[in-house]
Amino acid sequence: MVNCTSDYCVKDISLAPEGMKKIDWVSRFMPVLQHIRREFEEKKPFKGVRIAATLHLEMKTAFLLLTLKAGGAKVSAAASNPLSTQDDVVAALAKEGVKVYAIRGESKEEYYEFMNKALDIRPNIIIDDGADMVSLVHTERKELLDEIWGASEETTTGVIRLRAMERDKVLRFPVIAVNDSYMKYLFDNRYGTGQSTWDGIMRATNLLVAGKNVVVVGYGWCGRGIAMRARGLGATVIVVEVDPIKALEARMDGFLVMSMKEAAKIGDIFVTATGNIKCIRREHFELMKDGAIMANAGHFDVEIWKPDLEELAVEISNPRPNVTEYKLKDGRRLYLLADGRLVNLVAADGHPAEIMDMSFALQAKAAEYIKENHERLEPRVYVLPREIDEMVARIKLQSMGINIEELTEEQKKYLESWQHGT
């Protein structure tokens, strides 16, 4: 069953009550976004503003979209990943008046069809996750460019794409790299990805992590979190990295560091978090142990190269939900989780609510910042002002009952002076 109207396209609109329960549940653990929602409800900063979003459509993102709607915005949304949509949550959004077009398991053609439908509101602001919507506007929906004030981007992968657009001088409007805010990458990328990736792997496999060799490919903030939590679960952690500085940092953090070919021979579980293509490919599959498990924590399903796996396999099956078994000619079996897509969102519920509270507070404030400042911003990639980062941190600390120290006037003067020495 699929329910489609001009205002939404969802799997089953009757699932809305269950979706609303999920949204209500996570909202209780998102005090910063609650604070911003109350502010938006009072001030209506988005009255008359149209906002289109491409996000993982699950309960936390739903609360963000409803917060923007509470601020007076007309909101539309489509999925940023074909397999991360939660159909009951999407139904709830439709019932709440968000123009939403997403079905879990949608085809690639439907993915872009739904994104185009979300763009049909002719947005002033875009909220993106992976830069697909911004890219689509610049390639196939150029008629919308003059009405777009700016966009915000949630992910490392998306920011990389957008900086490439800026470098090539094709970016037509300002973009806020929310991913590059301290309150995003220090918490979401590290603690959020670290916990939710292992949540997805363990739900998909029901296997023990302790005692296994875990290979983490990429040691950015996401890789750091994945490695940290793997160690906490009792694994021996091996990091694969191309950046010599990050590789050295991983070694100083206590992890083994190897090339991919070396790690492929001994790994039990492989997790990619690079934002790049073909990080695990044929030459590595050929070296892996029987029973090796692979999962991806990067945005797109290109880090573990499935075409090579399919060519090597003599038989492909699904022994469990979200687990694909590739049987090779020599009898070895390799397992790919979540079809190589984001394991934390496909096989689990994504990041914890308390983490996304901070990230989505930044997204809400980024939309407000674009609305208030777009006339003076140039078509390039920006980072949110530090005061917004600090505001989110202070509200979060208050919600946790934590008081921090304040500088005295004497200390402030000392820090601003150059005259005090030895």
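The first residue you see is number 1, and the count goes up from there.
Glycine is no exception: its Cβ is also placed from the backbone N, Cα and C atoms.
Long-range C-beta contacts of Glu154 (substrate binding site), restricted to its own chain and to partners at least six residues apart, with a cutoff below 8 Å, comprise Leu55, Ile127, Asp128, Asp129, Gly130, Val178, Asn179, Lys184, Ser359, Gln363. The annotation substrate binding site is assigned in Swiss-Prot to Asp129, Glu154, Lys184, Asp188.
A sphere of 10 angstroms centred on the C-beta of Gly220 (NAD(+) binding site) encloses 19 other C-beta atoms. Swiss-Prot lists 155-157, Asn189, 218-223, Glu241, Asn276, 297-299, Asn344 with the feature NAD(+) binding site.
Per the record's binding annotation for substrate, residues Asp129, Glu154, Lys184, Asp188 show a top Cα-Cα distance of 14 Å. With respect to their backbone Cα atoms, Ala297 (NAD(+) binding site) and Asp188 (substrate binding site) stand 13 Å from each other. Taken residue by residue with DSSP, Asp188 (substrate binding site) is part of a helix. For the binding-site residues Asp129, Asp188, Glu241, the ranking by surrounding Cβ atoms (within 10 Å, all protein chains) places Asp188 first. Other residues of the same chain near the substrate site, with their Cβ within 8 Å of the Cβ centroid of Asp129, Glu154, Lys184, Asp188, are Glu153, Thr155, Val178, Asn179, Asn189, Ser359, Leu362, Gln363. In this structure, the C-alpha atom of Thr155 (NAD(+) binding site) lies 10 angstrom from that of Asp188 (substrate binding site).
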